[in-house]
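Below: the structure, in structure tokens.
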Amino acid sequence: MNCFNRRFRRTAPAHGSSKSELVPSKTPRINGWSWPLQALQVVGWLVLIYLTVVTFGIFIPLLPRPWNAVSYAISGISFLFHFFTNIATVTIDPADVSVRAKNNYSTPLPLFDRAKQKHVIQNLHCYLCDVKVGPKVKHCGVCNKCVEGFDHHCKWLNTCVGQRNYRFFLGALVSAILSVFMLIVVILFIFVQHYLDPHILRSAPQFDTMLANTTWLLFLPLAPVKTSSAGLLTLAFITVLLCTICLMLLSHLLGFHLYLFYKGISTYDYVKRSRQKEARKRDSEAKNSCSSKPHSSAQTSPEGSHHCEPTLSQSPSFFRFTNTSPLSSRLSDSICTEVTLENFKKSAEKENSFNYGTENPMQSETSKHLTSNILAYMNYIY
């Protein structure tokens with residue numbers, strides 16, 4: 001910013017011939033099976049397949065009766081429940097009813113460009129989907145469609161979690177925690193009994209023909225595969241480590257959603273409030289730094305008397321002024337005002353960067369009046 005030339009106060013026009021001009025098109029996503037698949041989604045399915053194989057093919061068959069039957073029942077129910085709830089969460093289209101009524105996902109929708117349009121949804125109308133929406137509807141930038149009761153876009157499921165599939169999402173989360181915890185208990189029991197009394201783990205009829213206690217059978221009873229004690233313990237250690245990581249992540253996610261349920265807010269609301277809080281804190285720090293001016297020029301150094309004018313302190317000596325000069329005070333106030341305006345603009349942009357939400361008319365008018373007042377004050381001090 002040039003403090004000495006008034007002709008630089010004019011803002012350059014944005015690129016594009018119109019504010020509502022749209023950028024190249026993008027086809028909306030139907031659900032989590034729409035291409036391209038996310039890398040985290042593929043990783044999640046590989047982990048699920050691995051844990052299913054080692055649970056029912058390696059560790060539970062080694063348990064003695066009746067614990068193997070109990071483990072088969074509990075783990076089988078939890079794994080099946082998780083599988084179907086996961087499939088339901090990914091398959092259900094979380095879009096708003098007005099979007100699903102159009103049933104035209106083959107037609108590309110324009111991408112959202114914040115430089116040309118501030119809000120996707122204005123006055124409960126989405127100009128991208130071209131439908132009327134409810135107050136809790138948000139337009140997901142990844143799926144490129146309006147989601148009813150939007151909570152968040154999950155990269156592990158490759159779809160949005162909204163009002164239509166949120167219950168299935170919680171069911172999949174709880175069943176996954178139960179399945180992983182049950183597998184950890186089974187592996188710890190096998191690990192302890194392997195050193196205390198390994199004969200308890202060799203109750204299957206296939207072990208009767210084997211004399212050595214160091215040889216173990218995997219994938220009982222259908223396709224026995226021989227392995228050593230070291231191989232079995234190594235596989236158990238890797239599985240427990242993977243299960244521990246999964247259990248920590250899933251428990252943290254479940255606890256977070258229980259907290260949101262207690263507060264009565266969604267993930268989107270939580271992130272938005274957190275960013276607004278950070279923006280207010282940043283603005284208050286900027287105000288405090290700009291208002292803390294020295295009261296006496298004798299107690300300040302000659303190189304810089306204000307914390308808010310680094311550009312003046314770095315400029316040549318013939319542009320420096322003392323604190324008693326009215327021009328220096330006005331220039332300092334203008335720079336402080338510009339810092340506040342920059343922080344205000346950054347906070348407004350950051351609030352809208354998480355997702356494309358509904359514009360609040362009262363907030364929009366308040367921000368416009370605040371911006372105009374700051375600009376008027378800058379024009380006055382110039």
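Cβ coordinates are placed from backbone N, Cα and C, and glycine is handled just like the others.
Marked as compositional bias 'Basic residues' by TrEMBL: 1-12.
Residues or ranges marked as region 'Disordered' in TrEMBL: 1-25 (among others).
Taken from TrEMBL, the feature transmembrane segment covers 42-63 (among others).
Same-chain residues lying 6+ beyond the ends of the transmembrane segment (69-92) with a Cβ under 8 Å from its Cβ atoms: 31-33, 48, 52, 55-56, 60, 63, 157-159, 161, 164-165, 168-169, 171-172, 175-176, 178-179, 182-183, 186. TrEMBL lists 69-92 (among others) with the feature transmembrane segment.
According to TrEMBL, the domain 'Palmitoyltransferase DHHC' annotation covers 122-273.
The transmembrane segment annotation in TrEMBL covers 168-192 (among others).
What TrEMBL lists as transmembrane segment is 232-262 (among others). Same-chain neighbours of the transmembrane segment (232-262): 47, 50-51, 54, 58-59, 170, 173-174, 176-177, 180-181, 183-184, 187-188, 190-191, 194, 216, 218, 270, counting only residues six or more beyond its ends whose CB sits under 8 Å from a CB of the stretch.
For 279-310 (among others), the entry in TrEMBL reads region 'Disordered'.
TrEMBL lists 287-303 with the feature compositional bias 'Polar residues'.
The average pLDDT the prediction assigns to the domain 'Palmitoyltransferase DHHC' (122-273) is 91.
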